[in-house]
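Asks: This is the structure I want to talk about, given as structure tokens.
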């Protein structure tokens, strides 16, 4: 104990007696050791040397880092160093915690290891959409549904919250609820339930304004998130560069993760590396493929013509079915198929057309990644055409309901007046009781009708998707697995075989479903909650199906490093979903007896009423000036010019990046040629030697001193020749001499005397006394200068 205390006191006294220069030098050494610790992975050393150097550096830093302060400041500096280390450890642990909190990360990694990045990109996209819809669900339920339930009028208090008396006997039947009628129709799920009171509850909550703001804010938030994600993906994929350089070598020697300690994780990593090799092999084969260009163009044009015919036929079929359903709606005794014919036909088209497109696309013979994009675009055109055809037919029905609503409104007013006039005629002393809400004549409430159609489409799409997976994948896999031993042919190799995961169909199903959510959420606030449940169950259900029922694609290919193609489709469907909602808000009159906007000419009148009643007068003037077309048009033009300028700058940056990549590639090629071009260099030097007459211009020179010194340092006794251009020993490169010339080398001897007079030269036209050349060739020169050695 005494020895240790004495050593510590001596160390402290030494540290206190250090000068400023010693402190600065010690600080530099500590910083160098820190840099060595941080860059240890980049050192081309063996693991034993790395561990020894790392241990030595860490001990040095721990020993001297606290000695860099002075006097009382030393403890403060040591405290800062300790807190810095703890903060770094906290950030590392927090990053690990955030990674562990990412939902379904392990499931997606497992899918990626067995099926490749293309299949995993679908589940990443599904997880991203679940997060976005969870936020939309919070907006809708927190600002619309919960305020109405807690502070609004209860069920049965007003007609819009009461089931009509004629429908009450069957309002709880399963078949009625399955069609979202009865009590489901007069609930918080749909637009018609919400009251048009300007403020509700003790908080004076403005429900109509909140309903409109949430409907518009849904599109604003979705647009912001999609564009931000696209920009983030573009930034992540922009600096990756090309992967064509030594692709297989990098995969072979750098793919394994040596931190894996779990056998299951190791199996997944092994499968992932194998899959990545398959992906790279497919890319390499596609790059080296030779094809008949004229035949290929003809087949691609034929495939596009067939697909266009299929798209036109599906659009006409949907329009015909919607028109037919309007006729069925006027009948009394209608069967189940007639009631759900539109949803059944649209679901079947979404089920049949993608495999048909995929069969037609075999004629084109694109690379799998390009073929996937074409397939996605075609299915997107199919879904979008079907959706807009459905909307056009639906708005025809809305126009008919608006005409019907005017007559019902007049009939309701007349019936109310007759009721009160008859009651006051019989008894004038008593106040007439109010009409029972179940007996009031109702309007068609076209907003609720549109919301029901979107909810039915969403539910039918969920049913078709799950049943298709259960029958088309699970039952098919069971048959192939257990009947293959007793069948006439090989079921695994032939028909039906195991199914492959349909990337294009599933991605477009998600995009199409999200478009319906964006359109229908304004008419049915509960639709967002249904979609959240659908995405949550789809993640578990489809992960189970793909791991237990599917096999990897025969042509495994890499997904794009960024999912911007998926995001681009989502952005397009978002814009196209916004158009019907904006048309509804700005053009169509709301229903007179249901919804938060009843009693107004247009839905956006809620904003003008709020500005007039709740804001100061000058704010109303500012809004009126801001809504002036003379100000809006220049602002739009300025935005267009700004977008054009930014686009031009972006293209200029892209071109400069391409040029820099070309220069870097050329520099790498030149470096590669300079290192690896031994044979060509030797052959050129030999040709130069052969051009010299009788090799008389090459001096017999002693071996190069520098080469001999290098060989001595390396301990190699190989013979070194002075011949220019001769190949060096193996592994030493090409022996290129910079001093190759046609004259003899100058002697390297110190000059001790001044030079003597020059010898007389021959006159012009007379022959020279001696031919030029090195000593030893021809007669000696007439006189030697002083300081030059004589020839032995």
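Note that Cβ sites are derived from N, Cα and C of the backbone, with glycine treated the same way.
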Asks: Checking feature assignment: transmembrane segment per TrEMBL, candidates 494-515, 516-537, 538-559. Which range matches?
Replies: 516-537
Asks: Which range, 112-133, 134-155, 156-177, does TrEMBL list as transmembrane segment?
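Replies: That would be 134-155, the stretch labelled transmembrane segment in TrEMBL.
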Asks: What range among 565-586, 587-608, 653-674, 675-696 does TrEMBL record as transmembrane segment?
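Replies: Feature transmembrane segment in TrEMBL: residues 565-586.
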Asks: Count, for each of 134-155, 375-395, 565-586, 622-646, the Cβ pairs lying under 8 Å from the transmembrane segment (301-322), and report the range with the highest count.
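Replies: By the under-8 Å Cβ criterion, the transmembrane segment (301-322) pairs most with 375-395.
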Asks: Against which stretches of its own chain does the transmembrane segment (134-155) lie, if we need a Cβ under 8 Å and a gap of at least six residues from its ends?
Replies: 161-162, 186, 188, 193-195, 197, 200-203, 205, 207, 210-211, 213-214, 217-218, 221-222, 521, 525-526, 528-529, 532
Asks: Kindly state the mean pLDDT of the domain 'TMC' (445-560) in the predicted structure.
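Replies: Within the domain 'TMC' (445-560), the model's average pLDDT equals 85.
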Asks: Would you mind splitting the domain 'TMC' (445-560) into helix, strand and coil residue counts from DSSP?
Replies: 82 helix, 4 strand, 30 coil
